[in-house]
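*Asks:* Features from Swiss-Prot:
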BINDING   36, 37, 38, 39, 40, 85, 86, 115, 138, 172, 287, 311  NAD(+) binding site
ACT_SITE  117  active site, N6-AMP-lysine intermediate
BINDING   405, 408, 423, 428  Zn(2+) binding site
DOMAIN    588-671  domain 'BRCT'
């Protein structure tokens with residue numbers, strides 16, 4: 001405890017500022033910066049100080065508020081009945097104290113309905129005459145966000161009830177462990193930041209402005225509260241059973257328990273079972289079962305007096321660091337990973353944990369041979385929390401961060417005050433390998449059959465040095481690969497050829513430009529329509545696009561200023577790779593050739609017949625070999641013969657090769 005009022009005042013001020021910052025990151029940005037147990041410890045300390053020094057209590061203290069402020073672009077919703085937070089405890093002794101307070105207020109022992117504490121986002125569902133009218137988040141408890149359009153894509157939320165009742169239910173929106181792993185894998189492959197845990201993935205997915213994003217994210221719900229339930233429903237346990245009959249997804253693990261001893265057994269049971277559940281839980285919730293007694297006990301300004309959450313302590317194990325590996329990513333970032341003695345943690349065997357960057361490595365002061373404490377962030381991602389200094393070997397020496405790239409041996413650098421360590425050699429084998437693999441990935445150019453192992457062989461046999469080289473591969477080249485027979489060769493060549501027709505946003509994303517993820521590439525392509533305009537766009541023009549910030553804009557402009565990038569784009573275009581935006585549904589954006597039947601004739605000076613055909617097809621044209629009344633346009637080069645004469649006779653519009661190229665580059669909307 002602080003020794004004086006002045007010391008307490010200073011500590012309270014610091015705690016409130018820190019907790020406000022952490023709460024903003026957690027509730028409003030869906031991006032936690034500390035583990036839950038760290039936040040809980042600081043919060044408990046603030047409560048302790050405010051209790052010891054009542055004069056320091058303040059209405060604007062985080063201990064007197066619910067959740068976070070509502071500052072998103074989603075419509076705002078005022079809750080008719082406030083969505084309160086929940087008090088929490090961290091030991092069975094504190095749970096016993098809660099039980100004693102309840103018994104003292106009621107005058108006798110009570111039964112509890114005990115439920116699993118799902119790690120998700122609070123959700124309200126309002127129904128009118130049995131139809132879903134509105135769905136909203138908790139927000140600050142008084143005002144939340146309208147997420148009705150998004151909730152319609154959550155499969156287990158009934159859009160219509162079997163009874164035409166007007167009511168409100170509340171529960172938790174969450175993401176299963178399987179859906180979370182799949183989402184993070186897709187985001188990682190797409191070059192986007194991964195979510196720290198399923199709770200934040202669920203929150204970020206539910207609070208999307210675009211419901212189509214929510215639809216892809218596989219969210220689920222557990223409903224556990226009925227606001228003003230119908231007459232005849234007298235208990236929490238009964239309310240859950242009746243909500244299940246109406247079609248709501250309720251958790252089957254809830255139980256009505258008569259005494260605290262049974263509650264302790266329940267805690268012990270699910271402490272052991274939590275890792276095997278398909279969703280993340282971070283504790284159990286104890287609720288007075290009798291609804292009338294709940295009403296008698298009432299609420300504080302922030303939490304109900306009739307319920308409490310018991311939070312599981314963070315599960316930690318000790319293990320020994322044997323090695324620190326450094327891997328090079330496609331953008332040149334070099335990442336350290338601790339290789340440890342395998343240890344069983346939270347339901348799986350863990351032997352590796354990312355150390356993210358040299359700054360974190362230095363902050364933790366991890367050394368070879370160190371015993372470290374390991375936990376899983378959000379019960380999913382292994383992390384080292386601290387070094388057990390009492391077990392550090394006597395001959396231990398500080399770990400020296402490498403100065404040379406582990407792949408190419410070039411110097412490693414820090415760019416513009418980044419914490420990341422980078423290799424800036426564009427010919428670095430690891431970067432080339434990662435870059436080509438990314439370009440061929442399902443989220444980018446989707447070249448089936450071109451995985452990491454094949455890419456590694458292509459590089460090892462000196463067949464490719466960059467992504468453009470893929471489009472110049474021949475059957476003879478591919479025959480040099482191990483276990484690659486005629487069928488595999490043909491399939492890969494077909495897949496590479498098909499990728500030429502992709503829309504330009506896939507090419508842009510496939511280039512692996514730092515900070516440019518799949519969504520950003522799509523927004524940029526939609527705005528500028530073709531690669532030429534994208535490459536010449538200024539930072540100001542790029543940041544004028546909604547959600548495109550300075551980081552992305554500066555990365556993009558810096559990339560296109562490089563001579564190597566200009567050469568690469570030229571070779572891709574020469575290979576017939578489409579450089580135009582084909583629209584939302586893969587259809588060509590409006591242009592002169594869209595929807596027209598075109599015939600090519602004569603000797604073409606700028607492109608081969610095949611290359612010109614691919615360009616026209618990418619713009620939505622149909623290219624045929626003969627002139628007829630159905631032909632809409634003839635493009636001719638030197639020494640054009642009978643096809644030009646026939647087109648003139650049928651009065652079919654005719655363009656020289658130069659005129660056609662001009663039309664392609666203009667992308668005008670002339671019909």
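Easy rule for this one: first residue shown is 1, then count along the chain.
Even glycines carry a Cβ here, placed using N, Cα and C.
Situate these features within the shown structure.
*Replies:* Secondary structure at residue 38 (NAD(+) binding site), as computed by DSSP, is helix.
In this structure, residue 117 (active site, N6-AMP-lysine intermediate) is part of a beta strand by DSSP.
The Cβ of residue 408 (Zn(2+) binding site) has 423, 425, 427, 428, 429, 430 as same-chain neighbours under 8 Å, each 6 or more residues away in sequence.
Across the domain 'BRCT' (588-671), the DSSP tally of helix, strand and coil residues reads 28 helix, 17 strand, 39 coil.
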*Asks:* Quick check for the class: what is the C-alpha distance, in angstrom and rounded, between residue 38 (NAD(+) binding site) and residue 117 (active site, N6-AMP-lysine intermediate)?
*Replies:* 18
*Asks:* Just to verify a number: CA distance, residue 287 (NAD(+) binding site) to residue 405 (Zn(2+) binding site), in angstrom, no decimals.
*Replies:* 57
*Asks:* Taking the mean position of the Cβ atoms of 405, 408, 423, 428 as the Zn(2+) site, which residues outside that list, in the same chain, have a Cβ no more than 8 Å away, listed in sequence order?
*Replies:* 328, 332, 406, 407, 409, 410, 412, 425, 429, 430, 431
*Asks:* Count the Cβ atoms, other than its own, that fall within 10 Å of the Cβ of residue 86 (NAD(+) binding site), considering every protein chain shown.
*Replies:* 16
*Asks:* Given the recorded positions 117, 287, which one has the fewest other C-beta atoms within 10 angstroms of its C-beta?
*Replies:* 117
*Asks:* Going by DSSP, is residue 428 (Zn(2+) binding site) part of a helix, a strand, or coil?
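*Replies:* Residue 428 (Zn(2+) binding site) sits in coil per DSSP, no helix or strand.
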*Asks:* Within 10 Å of the Cβ of residue 423 (Zn(2+) binding site), how many other Cβ atoms can be counted across all chains shown?
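*Replies:* Here the count is 24.
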